[in-house]
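Student: Shown below is the structure under consideration.
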Amino acid sequence: MDLFMSIFTLGAITRQPAKVENASPASTVHATATIPLQASLPFGWLVVGVALLAVFQSASKVIALHKRWQLALYKGIQFVCNLLLLFVTIYSHLLLLAAGMEAQFLYIYALIYILQIVSFCRFIMRCWLCWKCRSKNPLLYDANYFVCWHTNCFDYCIPYNSITDTIVLTSGDGTTQPKLKEDYQIGGYSEDWHSGVKDYVVIHGYFTEIYYQLESTQLSTDTGAENATFFIYSKLVKDVDHVQIHTIDGSSGVVNPAMDPIYDEPTTTTSVPL
């Protein structure tokens, strides 16, 4: 308890003018230098503040977040909490160092610093994934993989949990009312309609890039689901430069990443001859 109270009441480090003692004119080598430290801010209240932020951060995970601004707000709070945790760690480390109690907590601080480095590296990797996907979604969602396709109008990036042999993309049919609330859905994630789908999609991960080719479509009348069209993609084992595709007119060609989407809008009449 005494050790806890001594840490809880530590203050901020304020450097005072230093002085040199025991220095005689005849001896310029042997001297004692002292740098007084003054506590001016209670360290304990800062710990309480960070603890409250951590509780708020954990409580926010219980609330379902669906809108992008809610996800952005949550990630912003999480980022601020991580910065405050890093500040408190360095701040308390300096205080314990000044109080001569660093040795008792050296291993704990080493572990905290390692975790902070891992968190920072993860943030850098998510930024790199954003660059690969041309989207901010990797910073908003915690998924390991993202299904991406790019059109002239929009860069689609939908979170995906694992690598599978088949990807099923659910879309509103564009003709029947009422339409689906979200136009493109994969699993529990969705993306609003901005442009059409393409012959292929790509799964991006930290060290993963897997291409999937459109194999078939299933309409609402085939599945019994209302107002929905299902685009089924299968994993490719061929080289990317020699991927054969099937277009609306039945001709085959080579996948061109810059090509226009073959579906301007998913409709009940959309089909792909195989």
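Using N, Cα and C of the backbone, Cβ positions are placed for all residues, glycine too.
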Student: Under Swiss-Prot's topological domain names, is Arg68 on the same membrane side as Phe230?
Tutor: yes
Student: Please list, for the topological domain 'Extracellular' (100-104), how many residues fall into helix, strand and coil according to DSSP.
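Tutor: So the counts come to 3 helix, 0 strand, 2 coil.
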Student: Looking only at the topological domain 'Cytoplasmic' (56-78), how are its residues distributed among DSSP helix, strand and coil?
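Tutor: Secondary-structure breakdown of the topological domain 'Cytoplasmic' (56-78): 16 helix, 0 strand, 7 coil.
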